[in-house]
Amino acid sequence: MAELSFFVGVIGNIISVLMFLSPAGTFRRIIRNKSTEEFESFPYVCTWLNSSLWTYYGIIKPGAYLVATINSFGVVVQSFFLGVFLIYAPSLMKAKTGIMVGILDIGMLTAAIVVSELVLEGEKRIEALGFVCAGLNIMMYASPLSVMKTVIKSRSVEYMPFMLSLFFSLNGGIWTFYAFLVHDWFLAVPNGMGLGLGLIQLLLYAIYRNARKPLLPLNTSIITSQQQLDSQTQPLISSPHPQP
């Protein structure tokens, strides 16, 4: 059983690497166009915080080094993505993202580590942090929900990349299986929910992937003046973004 759990954990690490890297195409587009367009930063903010706390959880829990290694990689990747997003986002979205990073990624992470180190110890520390990590994992998997709503309204999946949805599903599935093997319910519950949410995203992608024009206009308040100028000569097809 130990050998099987290790093997599954290694596969989980590989899939997690692919999940963390899956938005690379999105960020190539952002860099190429020098604009974040209608993409949202919330999934990346959540994934950064989620990866950071799971790294800490993997460090303090005996035998959880596979959890620590993959999530430390996730922290590095999400840091790069957030940096790119902040560079190319319009002022309003940049301010919004900066506030979320300050409150969630810096404030909440610092508070969780300080409280767990000063107030808790041993198994209580691991259990408390496990609850926090499980909640954040659910938040990470649920972060594309607002985008899924826009997919239905606009009937377009342009801003919900297929690869991210696919690897959300695969990641949730493999880590749920791993969690059952090692009897870690803090991993099982959120990743099981992640599997379900990922499958819903794939279903929406299958339904709306051939749609070409949105039925309802999206909020374009964050589009820069240059984009507005470009739209006079080239139609802008708007739809939602996807998501450590």
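Placed from the backbone N, Cα and C atoms, the Cβ positions cover glycine too.
Here is what TrEMBL says about this protein:
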| type | residues | note |
| --- | --- | --- |
| TRANSMEM | 6-27 | transmembrane segment |
| TRANSMEM | 65-87 | transmembrane segment |
| TRANSMEM | 99-120 | transmembrane segment |
| TRANSMEM | 126-147 | transmembrane segment |
| TRANSMEM | 159-181 | transmembrane segment |
| TRANSMEM | 187-208 | transmembrane segment |
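In terms of C-beta pairs under 8 Å, the stretch of 65-87, 126-147, 187-208 lying closest in packing to the transmembrane segment (159-181) is 187-208.
Beyond the transmembrane segment (65-87), the same-chain residues lying 6 or more positions past its ends with a Cβ under 8 Å from any Cβ of the stretch are 6, 9-10, 12-13, 16-17, 20-21, 23, 27, 30-31, 36, 39, 41, 44-45, 47-48, 50-52, 54-55, 57-59, 94, 97-98, 101, 187, 244. Most Cβ pairs under 8 Å to the transmembrane segment (187-208), among the stretches 6-27, 99-120, 126-147, belong to 126-147.
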